[in-house]
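The active site annotation in TrEMBL covers D:E79, D:C142, D:H164.
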There are 4 protein chains.
Amino acid sequence: MNILLTGFEPFGGEAINPSWEVARSLHNQVIAGATVHSRCLPTVFGEAPRVLAEAISVVRPDLVLALGLASGRADVSIERVAVNLIDARIADNAGARPRDVPVRADAPAAYFSTLPVKALLHGLRAAGHPASLSLSAGAFVCNQVFFELQHHLAGRGVKSGFIHLPALPEQAARTVPTVPSMGLGAQIDAVRLALAIALSGDEDPALAGTDEGSPTS
Amino acid sequence: MNILLTGFEPFGGEAINPSWEVARSLHNQVIAGATVHSRCLPTVFGEAPRVLAEAISVVRPDLVLALGLASGRADVSIERVAVNLIDARIADNAGARPRDVPVRADAPAAYFSTLPVKALLHGLRAAGHPASLSLSAGAFVCNQVFFELQHHLAGRGVKSGFIHLPALPEQAARTVPTVPSMGLGAQIDAVRLALAIALSGDEDPALAGTDEGSPTS
Amino acid sequence: MNILLTGFEPFGGEAINPSWEVARSLHNQVIAGATVHSRCLPTVFGEAPRVLAEAISVVRPDLVLALGLASGRADVSIERVAVNLIDARIADNAGARPRDVPVRADAPAAYFSTLPVKALLHGLRAAGHPASLSLSAGAFVCNQVFFELQHHLAGRGVKSGFIHLPALPEQAARTVPTVPSMGLGAQIDAVRLALAIALSGDEDPALAGTDEGSPTS
Amino acid sequence: MNILLTGFEPFGGEAINPSWEVARSLHNQVIAGATVHSRCLPTVFGEAPRVLAEAISVVRPDLVLALGLASGRADVSIERVAVNLIDARIADNAGARPRDVPVRADAPAAYFSTLPVKALLHGLRAAGHPASLSLSAGAFVCNQVFFELQHHLAGRGVKSGFIHLPALPEQAARTVPTVPSMGLGAQIDAVRLALAIALSGDEDPALAGTDEGSPTS
């Protein structure tokens, strides 16, 4: 069994990206019998999904989890849906800033995560990891990767999804006002547990009925 | 020309819902040559889209705008996408609290607003109305109505979409900590302007490239 | 009876300051038998309290209320305490940015508002105006004015205090993400009511025991 | 040399309080040549300062740092000022909820921290610990302890102050929406460093001029 785990290179002027630090630290680890293969994606529209697709063809994963940074969020943020929209507020690492264009003109408006998101939520929380579900992965490179990932694997029986991580403490220490953060060790523990839960099987229907911090109304 | 404008009845223990107060105050007004027909939707899963569909068949609108309350948001929040998901954190007004079910099993994962969202954003801001674009209308009755609205009108050439409004000052005056609010008069002015912009035509491509307060990454 | 009501000129790149707009609109009005005398203070350390002191000597007020803008706050924020500290994050309108110095080397560490703050809070809320109590007026020109005001009037039997106001909608319409706002009319109504309450007498002991949105722990 | 380091017992329904977990883990450690003596304070008005005063008379400290929990804050929050006010939003652990009373009728309106707060801020940030200065320690037991501490030691040449800590991850994992958190190990490291900086001497005047995340205006 193989897991493909991706993170992003730093962007937006940062020198480090927790998503790649977490992925890299889990590279070659064996989780619940599956081997983690970690890849670093460029924070560049178009390039990131290309590197991802190539990694999928090489690794032939049974599970894919893409990680990204969402500075300002306070917890492990399990994304439920990728939208077919690119609308960048800042330039990517190649200087491009596409606005109001689809990820793929020939694809559906959105894809849902195929990970057991409620099982992830409750498993992470029960283990003491702050976590929530999110209904928006934004419209930047993270969402493009998430959308292309779900498009690529649609109907193939390989579970896949996206998790946004908070800033690292050393990043938060340079912000005013201070953004929330989570230590790298805790982020690694949380992602390792998330992979184990995702591998272990389907959503437990009994888990559906608990609060999960979704947006209002 | 006819405009169908909907608001919701109060929910979650509130005695008033600005979305219906705004809609009702614009009932029978003529905006840019079109007559506004306002309807109040029950905050009840299933019932709300039924009332909406009936109103559409009676009014035969050229434009449909559904309004809802998003307590905690600080501005006129123009929704970009409705998702095929219901996951209620609180009970609706009939006591139902469905979790993790699709709005429609036979429908796509999402629909985009067919309103000119960037033109709305920039037109509202230019007129001094705080506004932003949102990538999530939640997974409660608001999102169900938005999704069913877009599903119903898909391919019919009738523009439609959803706007979330902030709490009214009198509602915010009962919250601790205080949620942001917007006066009813300002909400009415903003929605009247939004309808005029939505009627006036297509998205202006020149407007695409400005900041709009979308979520991160 | 005379009321001295002050607001500030715009600062920080803004073209307008709601505190002065509110004060100016109430100039010469009679509230509960008292005449309002409004003055605009420069957003300049040292200059602002000088203009204030001069106004006090001319107006000989029975009540003084100083108003300021706190962009980001969502309600009428009734300040409880002024601290003997200046520590500016941005330059004032004369380009000065003093750090870590006392307002007055020969004065106490702080002064409390002598307004009936709980009566103000509950009176404003009961009338539908979002309001809260605040334990910090910052360490910029607003706090300097508040501190000097309380120092100047200490022991003189003239009630005085400070209220921070939210941004105006037209200001919020230019922010990303959108800051909360309150319409000018609502701000004027709230301040007029606050003046009437402040004139009407002492704190009602029965009002002490209600939630007021104070900071944590 | 002796350091007195205090934390609080849990309150508000929580089973753990990071302030005491941090203090207890540093008990008997030697930092920059000084021995840490840790004490747990009851979260009870009146009782907490009594236990503190007794500990001061026994330990005869050269430095006192009191720690408290501020759930919702995202960083190590260095308090600048204690106010002579008690106004509890929730009951303390003995069921008391005093409103609008002074900490001490015979004392000044406030005391400033005598710790080198800017040196603490910049030292913590430089070491990668998210930190900020705060102008309000609230009006609950934390502020009472801080105020009584500064009152007790005023003029005695013993530096003292208060730091608020964020929630622990395991606490944040039970909140909706998720409050920010900081791991216990990181909290311990940050407080150990803060004690070393506080012992090492005076405020460095060169440190005064940097952003520190103070409240507005």
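Placement of Cβ uses the backbone N, Cα and C atoms for every residue, glycine included.
DSSP assigns D:E79 (active site) to a strand segment in the three-state reduction. D:C142 (active site) and D:H164 (active site) have their C-alpha atoms 9 Å apart, to the nearest angstrom. Between D:H164 (active site) and D:E79 (active site), the C-alpha separation comes to 7 Å. Classification of D:C142 (active site) by DSSP places it within a helix.
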